[in-house]
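Scroll down for the structure; my scribbles are underneath it.
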Amino acid sequence: MDEKSAKKEKIPRQPMPEQKPEVRKRNFEEVPLGYDEETAIREAQRCLQCKSPACVQGCPVSVDIPGFIKLIREREFTKAIRHIWERNSLPAVCGRVCPQEIQCEGMCILGKKDRPVAIGNLERFVADREREHGTGDLPPKQHPTGKRVAVVGSGPSGLTVAGDLILKGHDVTIFEAFHKPGGVLVYGIPEFRLPKEIVYSEVNFLERLGVRLECNVVVGRTVSLDELFEEGYDAIYIGVGAGLPRFLNIPGENLIGVYSANEYLTRANLMKAYLFPKYDTPIVRGRNVAVFGAGNVAMDAARTAMRLGAERVRIVYRRSRDEMPARAAEIHHAEEEGIEFHLLTAPKRFIGNESGRVTGVECLRMELGKPDESGRRRPVPVEGSEFELDCDLAVIAVGAAANPLLTQSTEGLEINERGYIVADPETGKTTKRGVWAGGDIVTGQATVILAMGAGRKASDSIHKYLTWGW
Amino acid sequence: MFEILKRHEMADGTVVMNEISAPKIAAKARPGQFVILKANETGERIPLTMADTDPKKGTITVIYQVVGKSTALFRGMQVGEKYQDVIGPLGQPTHLEKLGKVACVGGGTGIAVLHPITRALKEIGNYVYAVIGARTKDLLILEDKMKAASHELEVCTDDGTYGHHGFVTDVLRDLLERENIKLVVGIGPVPMMKFLCKLTAEYGVKTLVSLNPIMVDGTGMCGCCRVTVGGKTRFACVDGPEFDGHAVDFDELAKRLDAYKEEERMAYEKFMKERQAG
């Protein structure tokens, strides 16, 4: 079909084929199944190829979106992925977990009258196609500079910095505290939303480019930043994330069966507790589950609990549906899988039995008052509205704070009153010479793509420093 | 890396010592700190406090008791085999001070954790009384090392098969009556630490305990190892593992340690059956 007739026909946005809810809610396989070539081309034909594309402005790493979509249209799939790699080293990840609806797709001009081009689905398509059928060719590397860079943390921002700098000819080593690379991509985001095989394939791509990876190294404990400089590193990038779980600080929180989302998801994802006893890490398999919070992490925890055999999973959130921070698509997926939403409800205390296991949670009804500093309307408890919810598993997913392990052990690194590292938003430079930082340890908990955007800016700045000086 | 260089079965064979090659960790580790070990791809992350380190040889020593599948798996690992992952050193080192007379009290495999702390307290000039105990003679470990690490050593067995017949707390009570003890370090099973802290509280003697809650990451990320200390939630992995024993909620700790009892029993039985079959 040529472009003219495509326009005449007015192609609708191509739906993403998905596993059926009643099937997928009991397995850990990926929910969306991906486009085939013809569907991808058909979707690509919807793109208007705008002269000054708004979608690119919406992308934190400025991928040339019309450019790669045009190549898909021309069946030049290999060229398309190479085009994306120029700006984004983790397209298979971004195509899956980026909040496209508020970024590229949110700006798409088609979205004004019709539905926007499915940019995320197309990005995922070319990345998956390359992984499954690609030639394995690597992008060209510049001449070795002899400069050494240490990247602390192998999450999205660290991987971005490593990918950028290895291509510019620097020698890069990533240090990871866990026994597997990927950071939040492997411990936090479940298999059914981002298969681990895809993360390892992206990491493997960096290793093939020459990036060295050292797992089991806790920078701040096993080795300090200053010792890394003594070992001969010329620059250090810190991308350790915001790994400290927040709790509700209510009575009964240490009962067995009350998990932080970090622990619950780490057991389930990284340690593969869903395969227990084939894998040795156990997990409480609740029949009646309450998840506190309503962000993407809460949706992940709720959907994981469902897959681990729960009969009933409830999201308990103290504000209303409008304030829920999760992506609309994630909320929709959760609803399809039978997750219940208990809105305007706040936990007051956990109730346990004699062996110290959680059996329920006392809650309060809330109503919304005036907006607070976050701009969301502040929930106010309705007096005397206490009631009890039964649960044998509770997951607290109300956000994360800065982990002080690295910053405490490092001199000369300024942190703000909330424990986050102070870094220039344009360059990622910290107050310590030769040290950059980016991602959640600077901004607080955010998204994969924003962490990658911070990594991109920092890698440009590190490259300038290694070439011209501080 | 992480190759087992020495292996030694202690007590009645249920307690095993592994000296492991881990140069980076050995160079950094100080008394009181721990490592996390993972045997293989499907293994669990298990925290163990280091019983010794040798920065020159680049080795660390851990001593563990076989209690479930993961430790049974560890026990099956021979010299020359490798742990897939060893992470550390983790946790805060013991705060060492010259105070005068101190008592180091250990029970079971807690003695392994106590040993480097005892030695360090002696090295900085304290007069160190050591009291170690076990259920029965065959389960007692590290007697010689504890003798060398302290000035005076007393041994107890619950069944009277060796040394003093009775609990370590009996001997400690005599010591507290007799001597001006400035600090007690008590490491062992949770009930032992609980009763030891009750005793030292009567005498108003500052008491340090080293806690061993269930952990996953060991770097403050998951909050699995939370313990209530002085009414506040603390993370044993980054705030500990040592805490003021008089402020610790031992009953909560004991319950949390039993969180996966059923799963552990199931996994252990399956493992033993498979091993017998294979």
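Easy rule for this one: first residue shown is 1, then count along the chain.
Cβ atoms are placed via backbone N, Cα and C, with glycine included.
Among the features that TrEMBL reports, FAD binding site is placed at B:ILE63, B:TYR64, B:GLN65. Feature annotation from TrEMBL assigns [2Fe-2S] cluster binding site to B:CYS222, B:CYS225, B:CYS237.
Overlay of TrEMBL annotations on the structure.
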{"residue": "B:ILE63", "record": "FAD binding site", "contacts (Cβ under 8 Å, 6+ apart)": "B:MET10, B:VAL15, B:VAL16, B:MET17, B:ASN18, B:LEU48, B:ALA51, B:THR109, B:ALA112, B:ILE141, B:LEU142"}
{"residue": "B:TYR64", "record": "FAD binding site", "contacts (Cβ under 8 Å, 6+ apart)": "B:VAL15, B:VAL16, B:ASN18, B:ILE46, B:LEU48, B:THR71, B:PHE74, B:THR109"}
{"residue": "B:GLN65", "record": "FAD binding site", "contacts (Cβ under 8 Å, 6+ apart)": "B:ALA11, B:THR14, B:VAL15, B:VAL16, B:THR71, B:GLY108, B:THR109"}
{"residue": "B:CYS222", "record": "[2Fe-2S] cluster binding site", "contacts (Cβ under 8 Å, 6+ apart)": "B:MET215, B:VAL216"}
{"residue": "B:CYS225", "record": "[2Fe-2S] cluster binding site", "contacts (Cβ under 8 Å, 6+ apart)": "B:PRO213, B:ILE214, B:MET215, B:GLY218, B:PHE235, B:ALA236, B:CYS237, B:GLY240"}
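Cβ contacts within 10 Å of B:CYS237 ([2Fe-2S] cluster binding site), excluding its own Cβ and spanning all protein chains shown: 27.
By a Cβ separation below 8 angstroms, chain A lies close to these of the binding-site residues B:GLN65, B:CYS222, B:CYS225, B:CYS237: B:CYS222. DSSP assigns B:TYR64 (FAD binding site) to a strand in the three-state reduction. In the three-state DSSP classification, B:CYS222 ([2Fe-2S] cluster binding site) falls within coil.
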